[in-house]
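Here is the structure we will look at, set down as structure tokens.
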Amino acid sequence: MGDRGPALLSGAMIHQAQDEPEYRAIPTTLRGCAVNGTFDFLKGLGPSRLIALGAVTIALVAFFAVIMMRVSQPTMALLYSGLPVSDSAEIVAKLEAMSVPYELKGDGTTIMVPKTEALRLRMSMAEAGLPSGGSVGYEIFDDTSALGTTSFVQNMNHLRALEGELARTIRALDTVQAARVHLVMPERELFSRERQEPTASIVIKARGGLGRSQAKGVQFLVASAVEGLNAANVSIIDETGNMIAGGADGTSLGSSSMDERQREYETRLRRQVADIVTSVVGTNRARIQVAAELDFNRITRNSETFDPEGQVVRSTQTVEESSSATERDAQAGVTVGNDLPDAIGQGAGADDATSNESNARVEETVNYEISRTTTTEVIEAGSVKRLSVAVLVDGAYETAEDGTQTYTARSPEELEMIGRLVRSSIGFDAARGDSVEVVNLPINDTATEFLADDAAELGFMDSIMGSLDVMRLAELGALLVVTLLGVFLVARPLINKLTTPGVQQGGQAALTGGAPSNAPQLPSPDMQQILAKAQADGQEVITSPDGTPIALAAPTPEQQAAMMLEDNTGSMIDIAQIEGQVRESSVRKVGEIVQNHPEESLTILRGWLHETA
């Protein structure tokens, strides 16, 4: 502020000294007019500055108009994306009929609508059966008449409807972007005992790829929805033509299932080991790898065991037999034996002989049932043949007072305890050939920490950006930046340019007796008399801030001649507060005025400082 007052005073006086002949020709009562001041200001700018100022003003107005129109437009939200061209055309026609503004993106496959209308429009489109995905469903029977329709047309419509409904169901999955289903339903011929099985082919375009388990689920979904269709007769390929799930052979699906089961088992064991190891050594201080060898052969074993100690009588059989003989009579009759030689002697001795014979037999058979155990053992595929576990644990770190960390290796006893914990958690079996290795080495986790920090930061930013409208924030940010640039680069310089002529006009008014205000007032009658007398005497008159006129002594003829000579021969200099260039003689003249009239100059400066404060 100490330098601003003299500069303003010098500017005002220089302006008067430079344009003194012109101002002397204009009446004092008209110098403070606002119209003349505005014209003088515009004339002082020059044609080039006026053109530049007009161009900048028009550009700013046009830019702000575009921004305001863009901001005033409704926020657009996604209605549908990835639509077929047919569905997109139908939806656009529906929106035009409803007089709803929309935007098309992505070659017409994405439709944007006002955010406030998105939910209502989705319900309206769903009521109209849009989007249909390029396929028809059971609504095909809504517009057909049963009269005059052949059985062939009915069967084809039913097949189309079934394919369309299956495609819609598959597209409802989160990972599926588009799907197309083809069914082959053979007709059973008359008087034919053999029946051909139906088959299905599916083309799926997935987001990020379709997993094997998901493909298997799609197979069973389609097989359950079609009568007589077996899941083995459903083939699935992706948009690039790669086989995801095979047909009747099922080799692709089976082999992938084995690999997935092995990976899942290894992952489960690794998590179990990690939970118990990290609880000892700390988070991110252990690295664990598990290699499992599984047996996917299905084995069935039958065994039969007999227990001799567990006898049970099943049946008993008893047989009893007895026989007897009678005595012979003494008076025997004539027989053939009597005719034999020596028959007489024998006959005489045998007259007194007798015979008595008796036989008895007892037989018992006992049948025993022996205890028998029959065992059928089925070993399903996926049994563990061998396990190998590698555990890398970090050591302990001690932080000194100066912040440096010292690494300390873990003791063998501690490693052995960790190994026992690992063996117990995985079900270690030495007979199976399992192995567990626990090694203590320093772990360099710098890259891991950086990645974790970046992931956490990205996750936080994604959550923030997901909850806000990115385009709206971008528009508001651009508007804010342009506004600040306009204020600091355009408005502020313009204000400075506008205030500078005002100060000059105020200085001129002060030198000529006017009030230094934005709205100049006409001088009073007393002031007019003083001004007229001073002009008649060839003196210059200035006014103090309180309105008191002060007459300056008129220069002598010698001083006037010297001043005119300096006006004609003086060089031009630049002053920051003055537009354009002034003569050096004008500056010297102002200096002489201040030097000859210090009190009056000080009074004017104090008034200006008071107005500024």
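These residue numbers are counts, starting from 1, taken along the chain as shown.
Every residue, even glycine, has its Cβ placed from backbone N, Cα and C.
For reference, TrEMBL has these:
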TRANSMEM  50-69  transmembrane segment
DOMAIN    72-244  domain 'Flagellar M-ring N-terminal'
DOMAIN    278-442  domain 'Flagellar M-ring C-terminal'
REGION    307-361  region 'Disordered'
COMPBIAS  313-325  compositional bias 'Polar residues'
COMPBIAS  342-353  compositional bias 'Low complexity'
TRANSMEM  473-495  transmembrane segment
Within the predicted model, mean pLDDT of the domain 'Flagellar M-ring C-terminal' (278-442): 80
Contacting positions for the compositional bias 'Polar residues' (313-325) when only residues 6+ beyond its ends and CB under 8 Å are counted: 355-369
Secondary structure content of the compositional bias 'Polar residues' (313-325), with strand meaning DSSP E or B: 0 helix, 12 strand, 1 coil
